[in-house]
Amino acid sequence: MNNKNHQPSIEEEEIVQQHVKDYIKELLPQHQGLLKELEDYAAAHHVPIIQGEVAALIQVLVKTSKAEKILEIGTAIGYSAMIMAEAMEEEGRIVTLERNEKMVALAGENIRRGGYENQIQIIPGDALETLHFLPGDYDLIFMDGGKGHYREMLDLAISLLKPGGLLISDNILYKGMVSSEELVQRRKRTIVHRMREYLEYITHHRELTTSIIPIGDGVALSYKKN
Ligand SMILES: C[S@@+](CC[C@H](N)C(=O)[O-])C[C@H]1O[C@@H](n2cnc3c(N)ncnc32)[C@H](O)[C@@H]1O
């Protein structure tokens, strides 16, 4: 990227250099069974599930925080919900919000096949509405729904998070577009603009201590102060 005339493409400008990603991918144990099947399904059907290194980070965070109640915004096929459930104790509970009916059905089936139906509850519908009537006190919230709506959901999400709880936000660097104007595709301008506002907000919020981690597509960890 030292050539001044070189216009980086989105593919080239991943957040982490490809050889580093490949190395980490090879190093981490590969999933087997249903999780591997879901990874293959997601790749074949372009469903944007969390990347392997992010899955590993989330499992470490779920285990170290000993989270008993988790809220997820954006279920898709139920992959990340099962990644989190796997890291929780059996009594742990996850509520996950999804507005796409096809995804709700697919996730429901996958969660049943994984044997997590007692641990993971899917609430169908738009999270922007569901968040208003959801009872609170979550130990961990995973923000992974519509990228343009993180900011709109944030205040409600913070109010549902216990003091001492953790908010994890995925895709916050959005293929490098958030940090580089050169990379912003025209049709993504609004999302990128909103994501920048979101990052400004969570990094300066008086109730949060936030760290931005450039792995996967960018992950923010925000601790809610006691
Ligand atoms: C990135 S995918 C979630 C991936 C999933 N967390 C995983 O890693 O396995 C985002 C999902 O959020 C859903 N979504 C987007 N906006 C939403 C909203 N306002 N309310 C509920 N679900 C939403 C989309 O339909 C999509 O399935």
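Glycine residues also receive a Cβ, built from the backbone N, Cα and C atoms like all the rest.
There are 13 other Cβ atoms within 10 Å of the Cβ belonging to Asp126 (S-adenosyl-L-methionine binding site). The S-adenosyl-L-methionine binding site annotation in TrEMBL covers Ile50, Ser80, Glu98, Asp126, Ala127, Asp144.
The secondary structure of Asp144 (S-adenosyl-L-methionine binding site), as reduced to three states from DSSP, is coil rather than helix or strand. Listed in sequence order, Ile50, Glu72, Ile73, Gly74, Ser80, Ser169, Asp170, Asn171 are the same-chain residues six or more apart from Asp144 (S-adenosyl-L-methionine binding site) with CB atoms under 8 A from its CB. What TrEMBL lists as Mg(2+) binding site is Asp144, Asp170, Asn171.
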Students should find that the Cβ of Ile50 (S-adenosyl-L-methionine binding site) has, within 10 Å, a number of other Cβ atoms equal to 25
Determine which residues of the same chain, besides Asp144, Asp170, Asn171, have their CB within 8 A of the center of the CB atoms at the recorded Mg(2+) site, and list them by sequence. Ile50, Gly74, Phe142, Met143, Lys147, Ser169, Ile172, Asp217, Val219
Enumerate same-chain residues with a sequence separation of six or more from Glu98 (S-adenosyl-L-methionine binding site) and a Cβ-Cβ distance below 8 A; give 'none' if the list is empty. Gly74, Thr75, Ala76, Val104, Ala107, Ile122, Ile123, Pro124
Maximum Cα-Cα separation (Å), residues Ile50, Ser80, Glu98, Asp126, Ala127, Asp144 listed as binding S-adenosyl-L-methionine: 20
Number of Cβ atoms other than its own within 10 Å, given for Ala127 (S-adenosyl-L-methionine binding site): 26
Where ligand 1 binds, which of the binding-site residues Ile50, Ser80, Asp126, Asp170 are close by, with Cβ under 6 Å? Ile50, Ser80, Asp126
